[in-house]
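Written below as structure tokens is the structure these notes are about.
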Amino acid sequence: MSMVVYNNQECEEGNPFAGALTEFSQWLWSRPLGNPGAEDAEEEAIAAQEELEFPEDEAQARHSCLQRTTSWATPKEVSPSGRVYQTVRHSRMEYSRPTMSIRSQASYFSSSARPLPPPPVPSLMSWTPIAKYHPSSPTSTSSKLRRAAPKLIKRG
């Protein structure tokens, strides 16, 4: 069995990993799964999307998930179950309001001799309270800041 999980949190524009993750996700989703020549290959695809709005905060939350599983027959020497299962999934969540924007995305790939239970998909219901109620410190201007005099440290 092999498994790759790739996570990335984008908290500000210009994140150097954002392009790499998008590129990786596109490659992973477009990659042909399974044995293309197998006549008995079975494929299952799932697409889900959910949205929440918070009028009191002028905020929105979105979650989308795409998952594809392919299986095909294989000799018993390769797989005791007689089949190989490959799954690829891409999940993306966004939370935005006038003062902030949070984006998170993850890609997942697995290959196994037996069907694996699906990993838990993040839900907006469990994710948005973290973003919604996270306290932020008030911004201050330079006129309100008091600057301390630099201290010299002598080493001897």
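Count begins at 1; order follows the chain as displayed.
Just so you know, glycine gets a Cβ as well, placed from its N, Cα and C.
Marked as region 'Homodimerization' by Swiss-Prot: 38-54. In this model, the region 'Homodimerization' (38-54) carries an average pLDDT of 83.
Sequence annotations record features per position, and here Swiss-Prot assigns region 'Disordered' to 55-80 (among others).
Swiss-Prot lists 57-156 with the feature region 'RNA-binding', giving similarity to another entry as the kind of evidence.
Annotated phosphoserine per Swiss-Prot: Ser71 (among others), in sequence order, evidence recorded as similarity to another entry.
Among the features that Swiss-Prot reports, phosphoserine is placed at Ser79 (among others). Other Cβ atoms within 10 Å of the Cβ of Ser79 (phosphoserine), summed over all protein chains shown, number 17.
What Swiss-Prot lists as region 'Disordered' is 131-156 (among others).
The feature phosphoserine is assigned by Swiss-Prot to Ser137 (among others).
Taken from Swiss-Prot, the feature phosphoserine covers Ser140 (among others), and the record attributes it to similarity to another entry.
Annotation source Swiss-Prot lists compositional bias 'Basic residues' at 144-156.
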Distance [Cα-Cα, Å, rounded] between Ser79 (phosphoserine) and Ser71 (phosphoserine): 12
CB contacts for Ser71 (phosphoserine) [other CB atoms within 10 A, all chains]: 24
Three-class DSSP secondary structure - Ser71 (phosphoserine): strand
